[in-house]
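Asks: Okay, handing you the structure first.
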Amino acid sequence: MESFLKKNFDLPAKNPSEEVQRRWRSAVGQIVRNRKRRFRMVADLQKRSEAEARRRSIQEKIRVALYVQKAALTFIAVGIKYQLPEDARKAGFYISPDELATIAREHNSERLKTKGGVDGISRKLSVSLEDGIKTSDLSLRQNIFGANQFAEKPTRSFWMFVWDAVQDLTLIILMICAVVSIGVGLATEGWPKGMYDGLGIILSIFLVVIVTAVSDYKQSLQFRDLDREKKKIFMQVTRDGYRQKVSIYDLVVGDIVHLSIGCQVPADGLFISGYSLSIDESSLSGESDPVFVTSEKPFLLAGTTVQDGSAIMLVTAVGMRTEWGRLMETLSQGGEDETPLQVKLNGVATIIGKIGLAFATLTFVVLVARFLVDKAIHVGLLKWFADDALLIMNYFAISVTIIVVAVPEGLPLAVTLSLAFAMKKLMDDKALVRHLSACETMGSSGTICTDKTGTLTTNHMVVDKIWICETSNSFRSKETSKHLRETLSEKVVCILLQCIFHNSGSEVVRGKDGKNIILGTPTETALLEFGLDLEGVIDTTHHRDCTKLKVEPFNSVKKKMSVLVSLPGGGVRAFCKGASEIIMLMCDKIIDGEGNAAPLSENQTKSVLDVINCFACDALRTLCLAYKDMGDAPRDEIPTEGYTLIAVFGIKDPVRPGVKEAVQTCLTAGIKVRMVTGDNINTAKAIAKECGILTDDGLAIGGSEFRNKSPEEMKELIPKLQVMARSLPLDKHTLVANLRSMGEVVAVTGDGTNDAPALHESDIGLAMGIAGTEVAKENADVIVLDDNFATIVNVARWGRAVYINIQKFVQFQLTVNVVALILNFVSACITGNAPLTAVQLLWVNMIMDTLGALALATEPPNDEMMKRPPTGRGENFITKAMWRNIIGQSIYQLLVLGVFMFDGKRLLGLSGSNADMVLKTFIFNIFVFCQLFNEINTRQMEKLNVFRGIFGSWIFSVVLLSTTVFQVIIVEFLGAFVSTVPLSWQLWVLSIVIGSVSMIVGVVLKCIPVGPVKSQSHNHNGYQPIPSGPPEV
């Protein structure tokens, strides 16, 4: 079985090729009862191909419009006349929505110029570029210019899921059989007795369809809620004169939107102001070259992303008036890729289905053959009666029902059920799973490459220490600010504050309550808070009277930010801040106590480096600030050398509570945690030791040293690598690629735009929900909404729960399959009839399929799951322990059922006219209770104590209780439809006792060693798989 599965049903967790997807679909063949339902959560390759063709066509049109557009085309476009709608004129707008939309979409500079540029457009839209729109105008603007919503597929109603469930071929055949049975029954046995058998089948089918539809519908609602969460993107806008955060779906034409690195442009618009704005338009045009947006070329298109720089834009078109709106229609076509477990279980279902089909055919052939032989001997083949037709029809119905039981449609769908349940729980626990496969893959991860800032630490930064004018101070808010004012000259304070306020990507803005709010990264927020405190005690803001000329924003490659400003008294000054070692290399002078630039001696350099290392060893993030007066130097480029060092800051970012315990949980679970950070190596080592990541025998290395290693040297040091400091995004990508080539399943965190390649390369990409850019989130599989490492561990915990729960369900279902098939076939061969009727088999099918999946596939994770190593690549899904349990339980059930089937009347002392019916009912009852107790058994495949945490899953308890209650109702009250008779209390007790013995059998089986699990992957995390043998309780 495993070789067949690996050959045809082995699917990579991320980015599977179309060839692999088609291969497993082909291998499934025709052994499918209900194609529409079984492949509901599987990608439609045909639709996807058509959508891709439409997307390419749209992109080509956009590319032509943007890059091949000639002046003649622009001239023609200018000539088009647009009528101003009356409702727009009455609302106080003086430009047609269609005309406005074409300006940005067609990059129409001529039309923009005729309208008076950006200022002219803002006047026609009745909006202030400083204060933004009024909130009271939102609904009016949405009515005139449209809402920022895109066309979506309509949601499916409950009745559509009912229709899907009815599409089951075997159920359709059974319905036909039931109708024929009713017709023949009424003709031979009269009303109402002749209806019972057929009506029983119809009622059973109705129950199966409704339960299936309810389960599928609830799953669809969970996925719909998750889809809504995925689409939640918020932007900074100016409205009513102050900054606020709004959903992109609430944006309207006229909004003033603030863009920064990694943002997705939420609508078409025009550039108002900004610095070094570089836009990636590949999502729209397919062109990979960045587009630089300036006042001369101010056009911004929805769906593109900010690659570098920052800007303020005026929204001119939203929703379906944008090219992105047209593209969005094609993005969800074809569905999401299937997960590896779904594909693997489709393979298992295919194998079992083929076996079941063979058994069902043989059962029908044997039953009919025995009937014909018996008829030939006693009556003759020439005499036929209505009862004969009814009997053959019942044989056929039983055979079809065997196929219903034998083809386990519920196996692949159980994965979807389990994943939907896990994803909903993870959403409640601050983890948004964007791709289904990530949830199950995370359970197999053996390595987590994590960032430090915000993930291991709180990301709430404050200035803890400052070194300036060769003096170190611990920062204590106003107290330290007053000390600095008293000890530093006015010139030094002015230069320091100029650098803090002007060389910053963050902003101090006015909130709704009139108070100052700092918007930006935590590091810059800490510096600005320090600056505001110091500014408050010197009681002047002259240092803010500078004009920015040029800005080079911070990014993770350069690890610095620079700005060129013109001073109020004349002259130009450059400021630079960033990673301490990098800024120190750019400095050859140091500011003295009077604010003058003095040469930086070797002793002073050594002293500054000692201060940096001292701060770093205290787990502080270190930053250096520097400046350079330009004099007669060229003013179109920001210099990279000749700076004067102003100060060294030590910024504190405490370790998150619970991180150390979460790291320890990972180590116990065989997951190695590696820290990859852009911080100083001493800071990184201090934090890593505090978190429990860096051990005595572990390796901490700088990014520059790592990237200079040869591939062979990398493979030698990576198993010991625990910390990488001062790393570039490319270093993280290289580390992930090497780990994957060594057989590891790798999860990696990222928050920046440059982390996208590493997130894409990894098995599971984890983007930060708070600090992460939209680019990082789009390339991630899971978004960690609270940026907390403990949440990542919780994702791994649920991933393991999904995998183990599906294993439990497969073990349970295979046991029922084996027993039902062999029991019916052997009985047909020996006695000439099947012990279980069609209606009874449909009830058994519901127990093992929909209800079994609900009970076993939704169990929450427990601590034991994180005390075993991860499942490596290539390990068998159905383990030796599972086969042991399946075979052992099947043998017990077959022996018990066989004994009562052939010698039950004597053993039970049954006599009288209804003895046969009592015995058949008793056998049916035993069979059901064996499955119920085996369901409890299956909760623990290795451990003896199967009751541990049983009440932690209310779904399991409800399913078990409701199945028991309904079994009583079926036997005692629905006998006419299900072919049962009421049982005495003694037979009920005996049924329960015989069923419960399967739990004792389970204990005995679990004490039989089956040898260690042989993993075909090579683990490099220092953990060995635990053996499966006599388990602990």
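The backbone N, Cα and C atoms fix where each Cβ goes, glycine too.
Below are the features listed in TrEMBL for this protein:
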type     : residues  : note
DOMAIN   : 114-186   : domain 'Cation-transporting P-type ATPase N-terminal'
TRANSMEM : 169-188   : transmembrane segment
TRANSMEM : 194-214   : transmembrane segment
TRANSMEM : 351-372   : transmembrane segment
TRANSMEM : 392-422   : transmembrane segment
TRANSMEM : 814-836   : transmembrane segment
TRANSMEM : 842-860   : transmembrane segment
TRANSMEM : 881-902   : transmembrane segment
TRANSMEM : 917-934   : transmembrane segment
TRANSMEM : 954-979   : transmembrane segment
TRANSMEM : 985-1005  : transmembrane segment
REGION   : 1014-1033 : region 'Disordered'
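Tell me about the surroundings of these features in the structure.
Replies: Taking Cβ pairs closer than 8 Å, the transmembrane segment (194-214) reaches residues 37, 158, 161-162, 164-166, 171, 174-175, 177-188, 394, 397, 837-839, 842-843, 845-846, 850-851, 974, 976-979 in its own chain, all 6 or more past its ends.
Residues 352, 355-356, 359, 362-363, 366-367, 370-371, 374, 395, 398, 402, 405-406, 408, 844, 847-848, 852, 878, 885-886, 889-890, 893-894, 897-898, 901-902, 920, 923-924, 927, 930-931, 934 of the same chain lie 6+ residues outside the transmembrane segment (814-836) yet bring a C-beta within less than 8 angstroms of a C-beta in it.
Below 8 angstroms of C-beta separation, residues 174, 201, 204-205, 207-208, 211-212, 215, 401, 404-405, 408-410, 413-415, 417-418, 421, 425, 801, 805-806, 808-809, 812-813, 816-817, 820, 836, 927-928, 931-932, 935, 938-939, 952-953, 955-956, 959-960, 962-963, 970, 978 of the same chain, each at least six residues beyond the ends of the transmembrane segment (842-860), sit close to that stretch.
Away from its own ends, the transmembrane segment (881-902) comes close to residues 807, 810-811, 814-815, 818-819, 822-823, 826-827, 830-831, 835, 908, 919, 922-923, 926-927, 930, 934, 937-938, 941-942, 994, 997-998, 1001-1002, 1004-1006, 1008, 1010, 1028 of its chain (Cβ-Cβ under 8 Å, at least six residues beyond either end).
Only residues 6 or more beyond the boundaries of the transmembrane segment (917-934), in the same chain, are considered here, and those with a CB under 8 A from a CB of the stretch are 812, 815-816, 819, 823, 835-836, 840, 843-844, 847-848, 889, 892-893, 896-897, 900-901, 904-905, 908, 910, 960, 963-964, 967, 971, 975, 979-981, 983, 987-988, 990-992, 994-996, 998-999, 1002.
Under 8 Å from some Cβ of the transmembrane segment (954-979) lie the Cβ atoms of residues 196-197, 199-200, 203-204, 837, 839-840, 843, 847, 851, 854-856, 858-859, 917, 920-921, 924-925, 928-929, 932, 935-936, 939, all in the same chain and six or more residues away from its ends.
Residues 884-885, 888-889, 892-893, 896, 908, 918, 922, 925-926, 928-930, 932-934, 936-937, 944, 946 of the same chain, all 6+ positions outside the transmembrane segment (985-1005), place their C-beta atoms under 8 angstroms from a C-beta of that stretch.
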Asks: Looking only at the domain 'Cation-transporting P-type ATPase N-terminal' (114-186), report the model's average pLDDT.
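Replies: Here the predicted model's pLDDT, averaged over the domain 'Cation-transporting P-type ATPase N-terminal' (114-186), is 84.
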Asks: Counting each residue once, how many in the domain 'Cation-transporting P-type ATPase N-terminal' (114-186) are helix, strand and coil under DSSP?
Replies: 47 helix, 3 strand, 23 coil
